[in-house]
Amino acid sequence: MHEKQTYNVIWFRNDLRVFDNYSIEKARKENHPTLAVYCFDPRHFEKTKFGFKKIEKYRAQFLIETVQNLQKNLKEKLNISLLIFHDYPESVFPKLSEKYHFQKIFLQKEWTQEEAEVQKNVHYHLPEVEFIETYDQFLFHPEDIPYESFQNIPEVYTQFRKKAEYHVNIRPPANLPQPQPKEYLVEHTTQIPKLKELGLDEFEKDSRTAFPFHGGEEAADLRIQHYFWDTCQLQHYKKTRNGLLGPDYSSKLSAWLANGSISARKIYWEVKKFEKQVVKNNSTYWLIFELIWRDYFKYISLKHGNKIFQLGGILNKNLDWNQDKEILQNWINGETDEPFVNANMKEIAATGFMSNRGRQNVNSFWAKELKQDWRIGAAYLESMLVDYDVHSNWGNWMYNSGVGNDPRDRKFNIQLQAKRYDPEKKYLQTWLGGQKELF
Ligand SMILES: Cc1cc2nc3c(=O)[nH]c(=O)nc-3n(C[C@H](O)[C@H](O)[C@H](O)COP(=O)(O)OP(=O)(O)OC[C@H]3O[C@@H](n4cnc5c(N)ncnc54)[C@H](O)[C@@H]3O)c2cc1C
């Protein structure tokens, strides 16, 4: 038997980029060669207790494209092989360790229960290996925020934002390291699974979609190029962000941010560049303001742990919730009494995307009007959204369901919302067109 080659591994999960990736930077400072691993975890394509798969076809397709692009970039820019598996990480790593000797595994730190458990199990199988975890999904790095413990994060967003904005300097992006020698590339036959192999249906993009984009770091860069530099839409963002139709009413960066194919830091520094070179105004600031919301929900989940998934939410509120299968089916199918809700539900079913305005309304209607278990609504969006992010989804759902961080516990007047944001009924026409009598 010949000696196993020693490698350090980068285990990619929600940090699917080569630029501004601290795990890559750290791994490449080590003496040993690096290889990379990504697992399409079969549990993500199974139904949960709420009856939906965690990942439906829209996000799965986006993920496939993202991983393809990551594999190409790692190879071309860094001479790092990305081995891709459709298997449980707890099975993949022990098998790989029969072939290679692993010294360290570098990965983005995740803290939600399922991710933490999988990681614990991998560690159990590889007790000798050192795990180097880095918080790499934030704008305000956890070591820089002006709170001694996550327990001190305020429950009101504005308090968090003002204090953090005052105290924190956004870190510069991580450097792209020099490529390792080509001989460190490993021979492998691993392949990216197809939608069918993940148990999902192939589909054509709906021509009405507000999200006609592909996954991957390069596609994210193209989006920035378009939204910031080619069309300068960024300078109007605050006025257009409540739009409903077309790709350009908002940045549409959420899906790349969610799987980490772009970093929030990179977007921040691009906004700063735009402010220097084109214009600095309320709109350019507002994109950063929204990125801080994204951070905020991550800090709320760090503070409250599993409470974000519980019926009483972070408030431990004991409200009257129901679980009615017919009401659920009508909501999903866009067959409720509210045309504006229906249009939004049809949009997400056909495209995997829904505007922020739409999400607030369908959430409020589901939880506060129909009084249905808010977690079922959250689980449906988890399944369907191309940009699903555990903290943003469950945090926003709690917020709009009266068990989270909304200090005013507001309920949306759906008809007024429709009048205000779709005064000419173009959105209703687009999604309920054939059913004019319904609106
Ligand atoms: C019920 C509900 C569920 C949601 N689920 C998700 C989710 O799973 N994943 C997700 O990324 N966002 C979620 N959001 C937040 C928001 O709707 C989306 O981030 C936004 O619509 C994405 O479009 P955009 O990238 O064009 O956003 P833009 O308006 O261009 O905003 C820029 C970025 O700021 C962040 N952001 C904006 N609004 C919010 C917000 N309310 N909370 C947290 N971050 C925000 C996003 O990263 C977004 O990409 C949810 C909102 C609601 C009300």
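Heads up, the Cβ atoms here are built off N, Cα and C, so glycines get one too.
Caution: TrEMBL annotation is automatic and unverified by curators.
Annotated in TrEMBL:
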BINDING   Tyr237, Ser250, Ser251, Lys252, Leu253, Ser254, Asp387, Tyr388, Asp389  FAD binding site
DOMAIN    6-139  domain 'Photolyase/cryptochrome alpha/beta'
SITE      Trp321  site 'Electron transfer via tryptophanyl radical'
SITE      Trp374  site 'Electron transfer via tryptophanyl radical'
SITE      Trp397  site 'Electron transfer via tryptophanyl radical'
Message: Is it possible to get the count of other C-beta atoms within 10 angstroms of the C-beta of Ser251 (FAD binding site)?
response: 22
Task: Find the shortest Cα-Cα separation between Trp374 (site 'Electron transfer via tryptophanyl radical') and the binding-site residues Tyr237, Leu253, Asp387, and name the residue that gives it.
output: Asp387
Message: For ligand 1, list the recorded positions among Tyr237, Leu253, Trp321, Asp387, Trp397 whose CB atom is within a distance below 6 Å of it, in sequence order.
response: Leu253, Asp387, Trp397
Task: Have a look around Leu253 (FAD binding site) and count the other CB atoms within 10 A of its CB, chains all included.
output: 21
Message: Counting other Cβ atoms within 10 Å of each residue's Cβ, which of the recorded positions Tyr237, Trp321, Trp374, Trp397 comes out lowest?
response: Trp321
Message: Are there any residues at least 6 positions away along the chain from Asp389 (FAD binding site) with a Cβ closer than 8 Å to its Cβ? List them or say none.
response: Ser254, Leu257, Ala258, Arg294
- prompt: Which residues, sitting 6 or more apart from Asp387 (FAD binding site) on the same chain, put a CB under 8 Å from its CB?
  reply: Arg59, Ser254, Ala255, Leu257, Ala258, Phe353
